[in-house]
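Below is one structure; the comments refer to it alone.
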Amino acid sequence: MDSGYVVVSFTHQNLPVELREQLAFSEKSLLEFLSALKQHSAMQEIMALATCNRMEFYIFGALESVPVILESLARAKNMPLTLLQEKSVVHAHNQAIHHTFSVVSSLESMVVGETQITGQFKSAYKTCLEAKLCGKHLSRLAHFAFKCAASVRNTTAISAQVVSIASMAVKQALEVLESEKLPKKALVVGVGEMGQLVCKHLLSKGFEVALCNRSLKNARTFAQTLGTENLEVHGLENLNTLLNICPFVFSATRSKTPLITPNMLESTAFRRFWFDLAVPRDIEDPKDAQIWLYSIDDLKGVIAKHLEEREQDRRKAYGVVGAYTMKFLEWLQTLELDPLIKGLRELAKEAALKELNKALKKGYIPQEQGESVAKILHNAFNTFLHHPTAVLKKNAHKEEGDMLSECLKNLFNLGGENMFLNAYHCEYSKGL
């Protein structure tokens, strides 16, 4: 089985939130799931990126890994295999590299230009690396992706204004205030990364914020970093009361089951606007005409306006991603050449020393001159190999590079996998 980079992708682009939430894992269960997958011979390395908008598996291995992942996912989540096959998007080889760089550079995010995704990918990579799920191949991909993301940020204005799902939700709330006479009071449930961002955006827009969290200690620690009187901290025991006095609610926890249910509601004289930013979702549909409920997917209209404003930067950023994809492929080819060049030198050295030892045994060369002759031979084969080595390196990223490498492997019996002599034209195979 030929190995390469493969990505199996489920995102906001191809899967609605009600299906994405079914694919959610806890960190522990995700690592267990990935560890079980890695036992399969088709997968050499694997990592997963799980956010509110995407569940993606990054693999270095064979394409046969794709059905293994989908079948395992169907069993683990009790979902129809046909649905997962229909909704999944598979990127392989060069396309997988380009997709990875695009994701880490925030070009595939629901909010293009948001910077959270780079940190989320770094965290996912670090977790899987420590769990020994990924090694040198995914490490190469990840580190090059981080370089690409940095270049996108530095050469375009795509991240000039700090944007995120949180900022888009607050922006929608501000638009509501343009037509609704409501107090600027908001409840935020959860003090994770999303909840913290929502709090910061709300406070910067003059809202009074009630922060409700399971752990009062964590909520208070966060509140202290902000140092504002407009933020009150509450435990979950106050959730029912706060729900019914705040016109705006933003929920972003990691709860596996809804925290806010219809039986918690009391009638109010004002309309309410709730934003469920969690996957799985935190809020059960209240089915109340006085409550407008926005899921992450419902924010696409606000995000579309933002995307139009950034389209020119986005096109420029994709140019950077394309260039980095080519750089990465060229770099991989030079890495493949190193063992070949080393093999050639070892072969030349072995042949020279073999003949030198014969000459010393037969007395053609005095023993005291053996070391000097060995140095002369070493210099001779280095000089002889200098030009072919330089040509190999020069052509590593060109069409003829693979053909030259394969010819040398065959001529000098250096072994390696069976490959097309010219992988770009696929005209001749060693197996024919």
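Heads up, the Cβ atoms here are built off N, Cα and C, so glycines get one too.
Of all Cβ atoms in the protein chains displayed, 23 besides its own lie within 10 Å of the Cβ of C52 (active site, nucleophile). Look at TrEMBL and you will find C52 tagged as active site, nucleophile.
Among the features that TrEMBL reports, substrate binding site is placed at T51, C52, N53, R54, S109, E114, T115, Q116, Q120. Counting every protein chain shown, 18 other Cβ atoms lie within 10 Å of the Cβ of Q120 (substrate binding site). For the recorded site, Q120 (substrate binding site), the DSSP three-state label reads helix.
When secondary structure is read from DSSP and collapsed to three states, V191 (NADP(+) binding site) falls in the coil class. Long-range Cβ neighbours of V191 (NADP(+) binding site) (same chain, at least 6 residues apart, Cβ-Cβ under 8 Å): L211, N213, S215, N218, A219, F222. The NADP(+) binding site annotation in TrEMBL covers G190, V191, G192, E193, M194, G195.
What TrEMBL lists as domain 'Glutamyl-tRNA reductase N-terminal' is 8-156.
Here TrEMBL flags 183-302 as domain 'Quinate/shikimate 5-dehydrogenase/glutamyl-tRNA reductase'.
When pLDDT values are averaged over the domain 'Tetrapyrrole biosynthesis glutamyl-tRNA reductase dimerisation' (316-414), the model yields 83. If you look up TrEMBL, you'll see 316-414 marked as domain 'Tetrapyrrole biosynthesis glutamyl-tRNA reductase dimerisation'.
Annotation source TrEMBL lists site 'Important for activity' at H99. Its Cβ placed at the centre, H99 (site 'Important for activity') has 23 other Cβ atoms within 10 Å. Look at H99 (site 'Important for activity'): DSSP puts it in a helix.
Sequence-ordered, the extra residues of this chain that approach the substrate site, with Cβ no more than 8 Å from the Cβ center of T51, C52, N53, R54, S109, E114, T115, Q116, Q120, are S106, M110, V111, I117, S164, I165. Ranked by how many other Cβ atoms sit within 10 Å of their Cβ, the binding-site residues G190, G192 place G192 at the bottom. Neighbours of S109 (substrate binding site), defined as other CB atoms within 10 A of its CB across all chains, total 24.
Across the domain 'Quinate/shikimate 5-dehydrogenase/glutamyl-tRNA reductase' (183-302), DSSP assigns 40 helix, 32 strand, 48 coil.
Taking DSSP states H, G and I as helix and E and B as strand, the domain 'Glutamyl-tRNA reductase N-terminal' (8-156) has 85 helix, 24 strand, 40 coil. Between H99 (site 'Important for activity') and N53 (substrate binding site), the C-alpha separation comes to 15 Å.
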